[in-house]
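The block underneath contains the structure these notes are about, expressed in structure tokens.
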Amino acid sequence: MTVKKIALVAHDRMKKELIEWIKKHQNLLKHHELYATGSTGQAIEKTLNVTVTKMESGPLGGDLQLGVKIVNKEIDILIFFWDPLEAQPHDPDVRALLRIAVVWNLPVACNASTADYLLTSPLFDSDYHPETPDYEAYRNRII
């Protein structure tokens, strides 16, 4: 089994759903490196009795801290249960996190069913590395 670096994020109204999903997959998740934003990380530690690398709370910059880890290829999977029914004070940060995950072709799940697919994929147990898009032309463009 290859140890994955998994980022887990949930908006306040979605934390209960994420924790229920984590309980369902706790035997698998506890063997991986887990990262989370503030209070989500605390709830995960309590649920799994494992150490979680915790960032700041999302509104205090935690989403952006995870985004930096994605750019630096320090995260393998992002599981983000975001609240589709309520605007967040840090919506620009949420959008930035999701955008940067797509920019770097990171597997992302935004709900329990998609997260189930990620964890049960045959690629999950492999040394899978998503293709990194080639941005050299963009980096070298003349403005």
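Backbone N, Cα and C atoms are what each Cβ position is placed from, and that goes for glycine too.
According to Swiss-Prot:
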- 1-143: domain 'MGS-like' (DOMAIN)
- His11, Lys15, Thr37, Gly38, Ser39, Thr40, Ser57, Gly58, His90: substrate binding site (BINDING)
- Asp63: active site, proton donor/acceptor (ACT_SITE)
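Feature map: Swiss-Prot annotations on the structure.
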residue	record	Cβ neighbours (10 Å)
His11	substrate binding site	21
Thr37	substrate binding site	26
Ser39	substrate binding site	15
Ser57	substrate binding site	15
Asp63	active site, proton donor/acceptor	27
His90	substrate binding site	19
As a whole number of Å, the Cα atom of Ser39 (substrate binding site) is distant from the Cα atom of Asp63 (active site, proton donor/acceptor) by 12
Residues sitting within 8 A of the centre of the His11, Lys15, Thr37, Gly38, Ser39, Thr40, Ser57, Gly58, His90 CB atoms (substrate site), not counting those, run Val9, Ala10, Asp12, Ala36, Pro59, Gly62
In the domain 'MGS-like' (1-143), averaged pLDDT is 93
